[in-house]
Amino acid sequence: MRAKNGPGSWLALTAIATSLNTLALAAAKTINHSYEFNPVVVSGGGYITGIIAHPTEKNLLYARTDIGGTYRWNADEDKWIPLNDFISGADENLLGTESVALDPNDPDRLYLAQGRYLNSENSAFFVSQDRGATFDVYPAPFKMGANELGRNNGERLAVNPFKTDELWMGTRDAGLMVSEDGAQTWRNVSGFPQANANGIGIYWVIFDPRSEGTVYVGVGVPGGIYVTRDSGESWEAVPGQPVEWDEDILVFPAESQPQSTGPQPMKGVLAENGALYVTYADAPGPYGVTYGGVYVYNTTSSAWTNITPKTNNSFPAPFDNQTFPAGGFCGISVDSKNPERLVVVSLDRDPGPALDSMYLSHDGGKSWKDVSQLSTPSGSGGYWGHPIEEAAFKDGTAVPWLSFNWGPQWGGYGAPSPVRGLTKFGWWMTAVVIDPSDSDHVLYGTGATIWATDNLSKVDKNQSPGWYIQAQGIEESVALALASPNGGDSHLLTGLGDINGYRYGDLDVPQPMFDLPVLSNLNALDWAGQKPEIIIRAGPCGHNYTDGCGLAAYSADGGSSWTKFATCIPGINTSSSNPGVIAIDASGKDIVWSSAMTAYWPTLQAITPRTNQSGPYVTTDLGQTWVSPTGLNVQTPNISADRVQPRTFYSFTDGTWYLSRDGGLSYRAYKAKEVGLPAYSGALPIANFNRAGEIWLGLGDHGIYHTRNFGKKWTKITGRGVTARQLTIGAGARRSSEPTLFIVGKAASHGALSKDGVYRSDDNGKTWVRVNDEKHQYGGIAMIQGDPRVYGRVYLGTGGRGIIYADIKE
């Protein structure tokens, strides 16, 4: 029957609608959607410590990193595949690869030696029979240091080509170890000398495939190369090896003495003709090296030859204005098809001029071509580099951040090229490989990415090869700050360790760095709730700007351009490594800056000590003046702004709730018990982006607390077992007026939801579902950020695997 228009009909329809809405609300719960995980693309972002190629299997390449695990190259998809994302937060130390070993007789076998730091007992061997698709994990009886000094050397781990289950491992502090059961158990080679040499230990182990029982081992001391010809029963120092510095290498001995009494063997490669090529330096690296060389040992005649690239044997000649020690050598690779064709790379010639060079030889090192010089446009003044146009994937997708915006050096490796239009040829280029299946294809890693060429032979004609970025799929950055505005062109703003920060409209494409000032770390970000185009950021700079504070800046155009604050707050200056936290009110006019900050990754950044001299400073004139507030007299990291109501700031610090309604000039204090909060050290207030005065607090094992009246009365909204170490909000579900909650922690005291992970709630904490799974743990999640415009999306900040965005599968 057709409905009639009239009061009775309207009331009936209203009653039906109301009834349906009531039923919907009563039945509302968090839907357990499936998720997909993708990287927020930087492409690289960290140090590539090794690139290892299988000697016979085409396109089987692995890249190891110091804090991001290992990747395998997938030629079909033209990208690197991360292999260690299953590592949990509890096993964070395992997300760093000390060494990679491949079985020359079985390309499916892969061995990874995992462990970041020597101060952790948690190290292990990951053993795969399927190229890293799955692993068996065996605890290691010794420590590893994938992010320690000497991580540039290797490989420390090697498979015996004559006994497929036998591996040898040169350790840092436990001597030479042998496993005869595929890395499950280990025994010490008790007769090996120099077991704990130099505090760094053994750098590399090489089996001679021509002679069963012959093994060469390189130790990080002068004269540190040893050989056994009876599988380790007896050892001798390789005779004739360099133990003192060649006078030709000591470029400026009066001004800068080597740090060791003689050359230390960094890497070794045994060519098929029996030539053992060795690179040398005066320190373990990857930083602090000042001298070094390259030698070759004829294993048949026992003769050593100095083949170091220098003035009389390389073309073009070394840069004539070089006024500092020439650095050492580390990276090396030999062509599998021609044992006299090899590349070597210098180490630590930074800051230049005459930066680190890659050299190519066709005659076993008698003569060299300087690949870096030949690849650099003329007129660079010795600052070798690629034209920025070459900083792109093979398909032409640009990786623009590698310019570093040509900003002033901040005092660390990887600073921008001083030549506008160039990106540095590289630094820490200790990982280099000539592809065994294609001698023209060469890859080299840097402190930031992987470069490659398919026509290295152009160097033979004194021409530049064509270079491109081959790092797609590798995401090794450390997340320090995340923000997702509720409007504008950018869905995500990021702050990263070592490489500044970025704004993303397209999450799948590399972006330019934020403009000057370039921050070596970007630790703090915020946006104005009612004017999301206004953004502020802060981080260490290291450059003494005379026209303002280089540690903090604001943007009025969504991050396209930036202006430095006129001055820094008291206690923050050029030498500050931790700039604290910064927040901006909803109108974009009031800014507070606290010198205290939270250490998300204790091994990577420290907490700036809090002081009781002042609370968070406030400015209304973009840093011309800073005012100390009343009512809050401690520098706290737990401060944020209301996203809707201007001039309103919140803080929960040392068991006290603070509320400011005058732009941070004064705060009213409420003891936790008075407003319904538990006794707790403090937490960052999370403000609703749509409703003034609505806030959430994630209080660890105490769960989540919620207020709708600016914190004057709080209610616990979670049940027993909910642990919220990190908390964020995002866009609500369809037809819901409530934002979605995300936590890092646990959502129950037992059962499936009691596992540590990332969880989502669509009904303000009543019910939860897990977002990630055991395959997507990334060594732990340090920070999370919901997206105010995309339901279900959450950004995951990691400590070595970059930033991941998790979306509900369509």
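Every residue, even glycine, has its Cβ placed from backbone N, Cα and C.
Note on N306, N612: Swiss-Prot annotates N-linked glycosylation site at N612; no matching annotation appears for the rest, which is not proof of its absence. Swiss-Prot gives the label N-linked glycosylation site to one of N188, N462, namely N188. Confidence for the repeat 'BNR 3' (359-369), expressed as mean pLDDT, is 98. Nearest Cα neighbour of N188 (N-linked glycosylation site) among the listed recorded positions (N32, D66, N298, N312, N455): D66. Secondary structure by DSSP for the repeat 'BNR 2' (226-236): 0 helix, 4 strand, 7 coil.
Ranking the recorded positions D66, N298, N312, N455, N638 by the distance of their Cα atoms from the Cα of N544 (N-linked glycosylation site) places N638 first. For the repeat 'BNR 7' (705-716), the residues of the chain that approach it from at least six positions outside its boundaries are 642, 648, 650, 657, 659, 670, 675-678, 685, 691-697, 699, 764-765, judged by C-beta separation under 8 angstroms.
Helix first, then strand, then coil: DSSP counts for the repeat 'BNR 7' (705-716) stand at 0 helix, 5 strand, 7 coil. Here the C-alpha separation of N573 (N-linked glycosylation site) and D498 (active site, proton donor) works out to 18 Å. Comparing the glycosylation sites N32, N188, N298, N544, N638 by how many other C-beta atoms lie within 10 angstroms of each C-beta, the top residue is N638. Counting neighbouring Cβ atoms within 10 Å of each of the glycosylation sites (N312, N455, N573), the lowest count belongs to N312.
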